[in-house]
């Protein structure tokens, strides 16, 4: 039974991931999210068999059936990511499915994580986090924390309720003092959701993981693009002043804590 549920969770995740791609590409463009999908190059209306998550991309070789232009790798990657996240959500739930707390975590995770994936994809494409998405995550996770404290009996101390605002303050100061050059305010708004979803200890672990990952990837990009710019004229190098989307690293930290039990306080 558990294996079957995990299998279905992957299928459902891939299907939802396909829809999340539509949201990422069309959000703030004036296009209806509910409209028919079409090729971004030739505007050819896609048939149902061109829209099977992951499978269609593989069968078509990553190209449009009509004009043979390249299809963005974002499509299968977001579908795979969503499938993996839904698998992890279900696996965590199946470890102890008989408590109110686990049912609460399951319900809110199935709502919050798709929003986080949209934020991740949108930030990678546009280097900005839409307020509508991040405020929804913040409100949803605040409600989650209140329910955990009031009804589930496993919400931790009330300090977990303060975790969101406490995390927001340093992000706000970095944004304010640098006039947005060091840190975007959207990342601070996202930290509210991190604190309320994961609590104080989990939130700190997620933030530290995110900063570590961001620093490592940033330094790697600086090194690689610096070499490329010297070998190939005209190629643009990433520098320490280059803008790097930070939300994906914060969300990776959330994933590490919630699904893989990463913690800086494991021995405490």
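Quick reminder: no glycine exception, Cβ is built from N, Cα and C everywhere.
Those TrEMBL annotations? Automatic predictions, nothing curated.
According to TrEMBL, the domain 'Prepilin peptidase A24 N-terminal' annotation covers 11-92. According to TrEMBL, the feature domain 'Prepilin type IV endopeptidase peptidase' maps to 112-219. Here TrEMBL flags 6-27, 75-94, 100-120, 132-152, 158-177, 198-224, 244-266 as transmembrane segment.
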Counting only residues at least 6 beyond its ends, the same-chain positions whose CB falls under 8 A of a CB in the transmembrane segment (75-94) are 2, 5-6, 9-14, 16-18, 20-21, 24, 53-54, 57-58, 102-103, 105-106, 109-110, 113-114, 117, 120-121, 255, 258-259
For the domain 'Prepilin peptidase A24 N-terminal' (11-92), the DSSP residue counts stand at 43 helix, 4 strand, 35 coil
Here the stretch out of 6-27, 198-224, 244-266 with the most C-beta pairs under 8 Å to the transmembrane segment (158-177) is 198-224
Helix, strand and coil residue totals from DSSP for the domain 'Prepilin type IV endopeptidase peptidase' (112-219) stand at 92 helix, 0 strand, 16 coil
